[in-house]
């Protein structure tokens, strides 16, 4: 694997990191040789004095290194104590890696290493944000590089909240600046299977016991013994429960307790689909009333999506009926949502109810503690569930290592119990705040109302007046103010605890130079769309049956009219309708955008935008139209077309081509 260039800064600027140069630290070897010939001089002279002083300095430094090596040797010898880990998910494997790197003897017990918590390969990718990637770097830089190379960067693009019906931006998230300003890796998504394979390979086959389900444990005060489902028993010095939201270790510690149902069921799937704005947008959260939809680029020409809907737990769909129900739930939503559903195969869709667990004030007892979902399972809305488990893993390994060092210095037994308490205390507040944020994000996403009248039953007619809902206006004001500080703390608030990790940004993480412009200018962001533009016949009464492809040649004019014109040098769209004039309208492409100009037609040209507002185009004045708009040539709706933008895919990707054909047929 080729090395990746790094940009290091000893004193990084809080506002900007230089991505233009590469600085590399050269580690100092413990075994070093110095040429002392330059210090030779006359005995008793200044040069001789300096020579003796330099030699003494070297001897002192050598003695210090030898003392440190002896201390490390003693420490490594004492660290042959055993750490038991229940659960081989992300949290369990990352902690096992961290503990192993610190010199501990680790054993991981997992009931089914191939299942990814029972949801198989279709559960898809997981988002690893900057804070977790930095913690992983502090644990093992080589493993972190493998993860980052295998992942798809989303933090270098626009991410945020949009209106589910219109698809217009509500709030944009800047996850790049907090990472770059603090010298952190940029957020990525990676396949769970790939991530688990990388971690398992780094931990080692000799450490992981597959098909080993921990059902009980015994804490004698000096040792901990785990009991497997098959009756086997293993003894160690401490036990870490990383066995997920339904943790058996947690139940045995504190008694059985019910997880908290979020009120939402979640459908999820992966589609072979490339959006037209893939270069500029990483992920979106589409907001709605009592439902919301999340889509994210996961690399390799694939998109992952989650569809949340408020309903009681325990529901089920008819056989092969999930896709049909999703179209019913999200009927009338924007093309960004519907296109993904169309492109997803029925068998690639999973459904699960969403639960979480409140962290609580006590994470463990005696020589047993908990980590990740087993103590603070979160709703997926912040994308921080796995990230918090990785942070937990680093901190727990650090506290155990500090306890060993203290025992070596004081020649006293290792205080395992106190080290576990310190781990819990150091993590409790941050985890509780982010856990609460995840719950709040779910509430905000599902109670969103674009217009006054939404969700008001008999008063729903008010929505036709398009009066912005007060909650929408106030919510946006609050989010605009609070979001930058919140993201800065979530992504960078733990970085100061990552001992031994210098602030650094990978040169390959550099964002597009236009990123700041995209944040501030929706129009500039929209012009980054790359795809073919189509006019698709709209409505049962449309007099045209074929789909029309628009040209993006700025030098070739395009005229819409009722009669062909052999002498016309440009593109001619002929619509045989009584309300379409001979020279009805002109379509213009300029600087990445399409415009429509009515040529003083008798019956006019009308545009209905993605928020449902219909207006008549002013004659001889170019009017911008966008994807999902409805264009009517004449007022009788017999020449109505829906604007559609579809990414142009390589001819070799037949599956994507068939998806594009499917989108054209179903639009």
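Glycine is treated like the rest: Cβ placed from N, Cα and C.
Small disclaimer: the values here were computed from a predicted structure and weren't measured.
As annotated by Swiss-Prot, transit peptide applies to 1-59. Look at Swiss-Prot and you will find 82-110, 360-373 tagged as FAD binding site, backed by sequence analysis. If you look up Swiss-Prot, you'll see 558-612 marked as domain 'FHA', on the strength of sequence analysis.
Sequence features, as recorded in Swiss-Prot, placed on the structure.
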| residue | record | DSSP (3 states) |
| --- | --- | --- |
| 82 | FAD binding site | strand |
| 88 | FAD binding site | coil |
| 94 | FAD binding site | helix |
| 100 | FAD binding site | helix |
| 106 | FAD binding site | strand |
| 361 | FAD binding site | coil |
| 367 | FAD binding site | coil |
| 373 | FAD binding site | helix |
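All protein chains included, residue 82 (FAD binding site) registers 16 other Cβ atoms within 10 Å of its own Cβ.
Taken residue by residue, the domain 'FHA' (558-612) breaks down under DSSP into 0 helix, 24 strand, 31 coil. Long-range Cβ proximity for residue 367 (FAD binding site), meaning a same-chain Cβ under 8 A and a gap of 6 or more residues, is found for 219, 221, 223, 224, 237, 238, 239, 416, 417, 420. Each residue in the domain 'FHA' (558-612) has a pLDDT score, and their mean in this model is 92. Counting other Cβ atoms within 10 Å of each Cβ, the binding-site residues 94, 106 show the lowest value at 106.
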